[in-house]
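Quick notes on the structure that follows.
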Amino acid sequence: MPEAVAKMRVCWLVRQDSRHQRIKLPHLEAVVIGRSPETKITDKKCSRQQVQLKAECNKGYVKVQQMGVNPTSIDSGVIGKDQEKKLLPGQVLHMVNGLYPYIVEFEEVAESPNLTQRKRKRSDCDSEEMEAESGTGLAPGSSPSQCSVSPKKDKNGATKKESLGHWSQGLKMSMKDPKMQVYKDDQVVVIKDKYPKARHHWLVLPWASISSLKVVTSEHLELLKHMHAVGEKVIADFAGSSKLRFRLGYHAIPSMSHVHLHVISQDFDSPCLKNKKHWNSFNTEYFLESQAVIKMVQEAGRVTVKDGTCELLKLPLRCHECQQLLPSIPQLKEHLRKHWGG
């Protein structure tokens, strides 16, 4: 008997004048849209974070929250600063001042058995990276010692993986929380990593909604350079007197769907660094140097990630200073103390 074809409902934000490609709005995930290379909007009256969109795919509408000062409207009705309205298919969203018209489209997408199998394989890699990264921004009042997150279990006792949408949601909430912010300007915000893997570990995030390195183009080049410069500024401002060495870079396959630059000291002295995947996500080619990413975009117009990259998370533990192999994380940490004199 043939296997039933699974279907899923997806939502798209579509610019009516077709100035750019449609933007996918994942189910129940907050997506911030505004002035950016992605939307092709350069009007300074449109904030870089003009609206927050959250698709209710099962119910067939999108919640729109106006975040910018200037008015966003749905069918000529102004939403209002920090207010929220529903956007239904057939209605027109004007991003700011009655300009830049958008509509939403919902469609049923059939998944073939082969696609489902590929997605399961990809999900395995995602869950490995999710465990490797596990960070969204430091919660108020927390400290590096507060790193444990109790895994959720179902009634049979099986551990449930946190969904990609949940992590992304937490990251975007952290970006907007003044208590989380270390630095911000009109292009980026810097927050502390919620689960720091070293004494100093920050995330530099653009306000513009850029889902991953996969969608980065030459149009984002200046933003990438600015993110790098801000990372160096944060090091100078908050660890300038430290003798610690730092690296700036991106995870090749991030667990959170919003581009973020890691700024991390190389002591790796943190109780949050708990397993091989944590270590290898920062100490193999899984970690893409910021300057290398910038060079790649300069020369090729995009970022290329090698096939099989997620397998790097399974490599043996190796000291990043002297290349000695260590059998376990506790022994690696003990070994690292010899390098930083702890």
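Cβ atoms here come from the backbone N, Cα and C positions, even for glycine.
Residues or ranges marked as region 'Disordered' in Swiss-Prot: 114-170.
The average pLDDT computed for the motif 'Nuclear localization signal' (118-122) is 53. The motif 'Nuclear localization signal' annotation in Swiss-Prot covers 118-122 and is backed by similarity to another entry.
Per Swiss-Prot, the feature site 'Interaction with DNA substrate' maps to Ser174 (among others); the stated evidence is similarity to another entry.
Marked as region 'Interaction with DNA substrate' by Swiss-Prot on the basis of similarity to another entry: 193-197.
Neighbours of His251 (site 'Interaction with DNA substrate'), defined as other CB atoms within 10 A of its CB across all chains, total 22. Residues annotated as site 'Interaction with DNA substrate' in Swiss-Prot, with similarity to another entry given as evidence: His251 (among others).
Helix, strand and coil counts from DSSP across the motif 'Histidine triad motif' (258-262) read 0 helix, 2 strand, 3 coil. According to Swiss-Prot, the motif 'Histidine triad motif' annotation covers 258-262.
Residues annotated as site 'Interaction with DNA substrate' in Swiss-Prot: His262 (among others). Around His262 (site 'Interaction with DNA substrate'), a 10 Å sphere centred on its CB holds 26 further CB atoms from the protein chains shown.
A helical conformation is recorded for Lys277 (site 'Interaction with DNA substrate') in the three-state DSSP classification. If you look up Swiss-Prot, you'll see Lys277 (among others) marked as site 'Interaction with DNA substrate'.
According to Swiss-Prot, the feature zinc finger maps to 317-339, an assignment based on sequence analysis. Residues in the zinc finger (317-339) partition by DSSP class (helix H, G, I; strand E, B; coil) as 11 helix, 2 strand, 10 coil.
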Checklist outcome for this item: Across every protein chain in view, the count of C-beta atoms other than its own within 10 A of the C-beta of Ser174 (site 'Interaction with DNA substrate') is 23
Item to check | For Ser174 (site 'Interaction with DNA substrate'), the one of His251, His262, Lys277 that lies nearest, given that the recorded sites are compared by Cα | outcome: His262
